[in-house]
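Positions annotated as active site, schiff-base intermediate with substrate by Swiss-Prot: SER25. The annotation active site, proton donor is assigned in Swiss-Prot to TYR58. Per Swiss-Prot, the feature substrate binding site maps to THR57, GLY72, ALA73, ALA74; the stated evidence is sequence analysis. According to Swiss-Prot, the feature pyruvic acid (Ser) maps to SER25.
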Amino acid sequence: MTFEMLYSKIHRVTITDANLNYVGSITIDEDLAKLAKLREGMKVEIVDVNNGERFSTYVILGKKRGEICVNGAAARKVAIGDVVIILAYASMNEDEINAHKPCIVLVDEKNEILEK
């Protein structure tokens with residue numbers, strides 16, 4: 001049996017842009033994404049702390065430092081300046097669960113890394 005477990009999280013990151021006309025996804029600063037063990041194309045859940053919206057999308061790696069841009073239709077679910085939590089999950093069996101520790105990245109209001 002497998003269970004869906006928290007794999008990684010970027011906690012309280014700030015939305016820097018929302019691009020309705022892009023083809024979907026969330027663009028995440030590449031350094032921040034790698035620190036959180038997120039891969040391009042990986043499914044993530046976004047939780048907007050400001051308005052309570054929750055939605056799923058996939059990761060695109062961004063080049064700009066601190067960039068967090070929600071793209072496509074999901075851009076209607078956030079506003080620039082909103083604080084969100086980016087969550088990734090993984091399927092794990094009992095042995096993997098016992099050995100796993102989620103990767104949690106904390107950032108400040110400018111999306112600068114505070115701690116991992």
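Every residue gets a Cβ built from N, Cα and C, even glycine.
SER25 (active site, schiff-base intermediate with substrate) sits 5 Å from the residue listed as 'active site, proton donor', taking the Cα positions as reference. Straight-line distance linking the Cα atoms of TYR58 (active site, proton donor) and ALA74 (substrate binding site), rounded to a whole number, equals 11 Å. Among the listed binding-site residues, namely ALA73, ALA74, the Cβ with the most fellow Cβ atoms inside 10 Å is that of ALA74. Sequence-distant contacts of THR57 (substrate binding site), defined as residues of its own chain at least six apart whose C-beta falls under 8 angstroms from its C-beta, comprise GLY24, SER25, ILE26, LYS43, VAL44, ILE46, VAL70, ASN71, GLY72, ALA74. The number of other CB atoms found within 10 A of the CB of TYR58 (active site, proton donor), across every protein chain shown, is 15. Most Cβ neighbours within 10 Å, among the recorded positions SER25, GLY72: SER25 holds that distinction in the structure as shown. Excluding THR57, GLY72, ALA73, ALA74, which define the substrate site, the same chain contributes GLY24, SER25, ILE26, PHE55, VAL70, ASN71, ALA75, LYS77 within 8 Å (Cβ to the Cβ centroid), listed in sequence order.
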